[in-house]
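A.B. asks: One structure, pasted below without further comment.
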Amino acid sequence: MTLCIDTQDHSALRGWRADPHTDRRPQRLATSARAGRSAPQRWLRKAWDMARHALAAIGLAWLAGVAVLALQPDWRAELEREVTEWLLQRQATESLVDEAGALTERVLAADPLALPPAQARVAQWLARKYRVASEPLGALVAEAHHIGTQLQLDPTLILAVMAIESRFNPYAASPWGAHGLMQVHTRVHEDKLEPLGGALAVFDPLSNLRVGAEILRDAIRRAGSIPGGLRLYVGAVSTDGRDYLVKVLSEHERLKRVANGQQVGFQAAMPLPPLPAVDDEAAALRSSPLPAVGDSAATPAEAALDASKASAARPS
């Protein structure tokens, strides 16, 4: 056996291996980079595991609840009752909120000074003449202009009819079944009042104004003239209704002049056009085409005409 002895100096090599900074630095950098890349993945994995376990727990709890309710009919009935009561209370609360919003949107009074100048002058003049608060009258004047534009009807004519019919009393009633601002016949015009809430809507000022304006528009179309339409509106079939026509047309003329900025007295006489005779308007009614059902066939005048014809045809 030959003994081999290495006589070379390995002191430098031993020093290099003993230095930990020169030996493990690249390995530590690689390990840190891998750890930085895997940290978000670990958090995502943990979050997914937690969500999965939570969903599984919720599912198991739901299945357990269903099983308990299936085995306990009394508990199920009690739960149904409580849920039903909660839903009804929620529905009632929502309906109250909706009604409150609708009430706030329905403006029954308006500051006349906030209206356009022509409307403000009319509202203030009517308030002084008929001794009515100007704020509710301001709302009626504004609504008359709004509806008049829709129906292609002079708003001052609507206001004149309202003034003569009820003197702006929304609760006025006649012995013949006419009610409200425009003295709408409730039984005759139930179809027009139904979309607005039924027959009692006749006492709502804005609803009464709208229905009355529609009846007036239909009567004017049927007669072919404003005087003839006013005769139909008031129901003056067998008489000329001259007094009513003079009152309404005079007030209409006053309101037009007030809207234009003129100073007009409350009872100032107004020039009026010649009023057609009843026979001429009756001939015009006979020659005019019949309106569609639900249009103007239900005016108060036509109802009175049918009644008079029936009584005349009845043997004495």
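Each residue, glycine too, has its Cβ placed from N, Cα and C.
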A.B. asks: From 233-260, 261-288, 289-316, which range did TrEMBL mark with region 'Disordered'?
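C.D. replies: Going through 233-260, 261-288, 289-316 one by one, TrEMBL flags 289-316 as region 'Disordered'.
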A.B. asks: DSSP on the domain 'Transglycosylase SLT' (149-224): how many residues come out helix, how many strand, how many coil?
C.D. replies: 46 helix, 5 strand, 25 coil
A.B. asks: Taking all residues of the domain 'Transglycosylase SLT' (149-224) together, what is their mean pLDDT?
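C.D. replies: Here the mean pLDDT over the domain 'Transglycosylase SLT' (149-224) amounts to 92.
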